[in-house]
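Annotation source TrEMBL lists domain 'Glycerol-3-phosphate dehydrogenase NAD-dependent N-terminal' at 4-165. Annotated NAD(+) binding site per TrEMBL: Gly9, Ala10, Gly11, Ser12, Trp13, Gly14, Ala145, Arg260, in sequence order. Annotated NADPH binding site per TrEMBL: Ser12, Trp13, Lys34, Tyr50, Lys110, Ala145, Arg260, Val284, Glu286, in sequence order. Per TrEMBL, sn-glycerol 3-phosphate binding site is recorded for Lys110, Gly141, Ser143, Lys196, Asp249, Ser259, Arg260, Asn261. What TrEMBL records for Lys110, Arg260, Asn261 is substrate binding site. The domain 'Glycerol-3-phosphate dehydrogenase NAD-dependent C-terminal' feature in TrEMBL is assigned to 185-325. Annotation source TrEMBL lists active site, proton acceptor at Lys196.
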Amino acid sequence: MSEKIAVLGAGSWGSILANLLDENGHDVALWSYKPEQVAELNEKHTNSHYIQNFTFSDTLKAYADLKTALTGAETVLFVVPTKAVRSVAGEVKAALEALNSRPALVHASKGIEQNTYKRVSEILAEEIPSAYRSSITVLSGPSHAEDVAKKDLTLVTAASADLNAAKHVQDLFMNNYFRVYTNSDVIGVEIAAALKNIIALGTGALNGLGYGDNAKAALMTRGLAEISRLGASFGANPQTFIGLAGVGDIIVTGTSQNSRNYRAGDELGRGESLDDVINHMGMVIEGVATTKSAYELAQQRGVDMPITEAIYQVLYEGKDIRKAISDLMQREGRSEF
Ligand SMILES: NC(=O)C1=CN([C@@H]2O[C@H](COP(=O)(O)OP(=O)(O)OC[C@H]3O[C@@H](n4cnc5c(N)ncnc54)[C@H](OP(=O)(O)O)[C@@H]3O)[C@@H](O)[C@H]2O)C=CC1
Ligand SMILES: O=C(CO)COP(=O)(O)O
């Protein structure tokens, strides 16, 4: 079944997901707030700053006007950085009110809002009341845009409190290289998705410092353990953390040069300053803001998250990375579980 879908955010992930949906036969409107990027997408079928050496489908249409992109949309997919979700959602609500439409919402962003500690689905629910939308679903899992662009095999999960909505998202996205599971644990999927970026900063830093595979495997495993503890404090399903959104995404983000978070960590490990790394990445490094949110959440909730705390101290308090690693290694010995 083909439908009209608006994709909001034309960075690497938004533009590649829009292209996938177009190739799946849907009528896709890709919205960017930058008119020059819209012109490049429509005229050259490229998005060169965000995804290199890729030609987009010539039936994919980009728009700089949000209301035009939303007109007739049955599904609206948000793929802007977490820090932009609230403001974009506010504009979407106003447009949907004017259009008198009530689409299903999906998001693929991975973060926790600074200061409010809200997950992305919570921000959407707050900003777009149920009069202007039906369900909310999160699409998440190990999925670098660069691999999806090559039609490499990719498996993700669609989580919603409404199983029919999750199944609908599964139907929209599934094809012979992109396989979608359903999940009812929105809390677990969103927490796992956001916090794996902290761990990728850490494994990247280990790489930059010259540490090997044992160290990275240890950080990913113990990192997932503390993410699961925070998830449990919110009532997440423990199984989610051994699924695609949990261990799956930790593996892909924590080991790949395609990951902006891993690359940022790598550069920090090689001695670059955080400001320089952010300035030259030119794309969102979600883990930097999420480290602060997760650290503060752990403090508030009394959840032991030593790795997150160490990365917070490095990013926000100027602690030397080698000292942070040494302090973690010298914590009192304990039982694994
Ligand atoms: N890249 C990937 O492989 C994956 C990314 N994700 C997640 O998807 C989300 C988006 O990531 P990604 O596409 O990679 O990020 P990018 O940095 O590549 O793109 C984000 C896009 O959103 C734009 N943007 C920023 N602020 C606003 C705003 N206020 N209003 C409208 N547009 C805005 C950016 O513009 P500008 O550059 O000018 O700021 C850019 O075009 C993140 O949460 C990320 O974690 C999830 C899975 C895979
Ligand atoms: O979430 C991702 C892959 O699943 C993308 O990670 P980065 O944002 O680190 O590139």
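Using N, Cα and C of the backbone, Cβ positions are placed for all residues, glycine too.
Whatever TrEMBL says is automated annotation, not expert-curated.
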- Please state how far apart, in Å and to a whole number, the two most distant Cα atoms are among Lys110, Gly141, Ser143, Lys196, Asp249, Ser259, Arg260, Asn261, the recorded sn-glycerol 3-phosphate-binding residues. 16
- Message: Within the domain 'Glycerol-3-phosphate dehydrogenase NAD-dependent C-terminal' (185-325), count helix residues (DSSP H, G, I), strand residues (E, B) and coil residues, in that order.
- Response: 113 helix, 0 strand, 28 coil
- Filtered by Cβ distance under 6 Å to ligand 1, the binding-site residues Lys196, Asp249, Ser259, Arg260, Asn261 reduce to none
- Note on the structure: Of Ala10, Gly14, Lys34, Lys110, Ala145, the binding-site residues whose C-beta sits under 6 angstroms from any atom of ligand 2 are Lys110
- Largest pairwise Cα distance, Å, within the listed NADPH binders Ser12, Trp13, Lys34, Tyr50, Lys110, Ala145, Arg260, Val284, Glu286? 22
- Of the binding-site residues Gly11, Ser143, Ala145, which one sits closest to Lys34 (NADPH binding site) when you measure Cα to Cα? Gly11
- Give the three-state DSSP assignment (helix, strand or coil) for Ala145 (NAD(+) binding site). helix
- Query: What is the separation, in Å, between the Cα atoms of Gly141 (sn-glycerol 3-phosphate binding site) and Glu286 (NADPH binding site)?
  - Reply: 15
- Quick one: among the binding-site residues Ser12, Ser143, Ser259, Asn261, which has the most Cβ atoms sitting within 10 Å of its own Cβ? Asn261
- Task: Work through the binding-site residues one by one (Lys34, Lys110, Lys196, Arg260) and point out the residue whose CB has the fewest other CB atoms within 10 angstroms.
- Result: Lys34
- Query: Hey, does DSSP put Ala10 (NAD(+) binding site) in a helix, a strand, or just coil?
  - Reply: coil
- Item | Recorded NAD(+) binding residues, Gly9, Ala10, Gly11, Ser12, Trp13, Gly14, Ala145, Arg260 - maximal Cα separation rounded to whole Å | 17
- Show which residues of the chain containing Glu286 (NADPH binding site), separated from it by at least 6 in sequence, have their CB under 8 Å from its CB. Pro81, Thr82, Ser109, Lys110, Gly111, Ala194, Asn197, Asn261
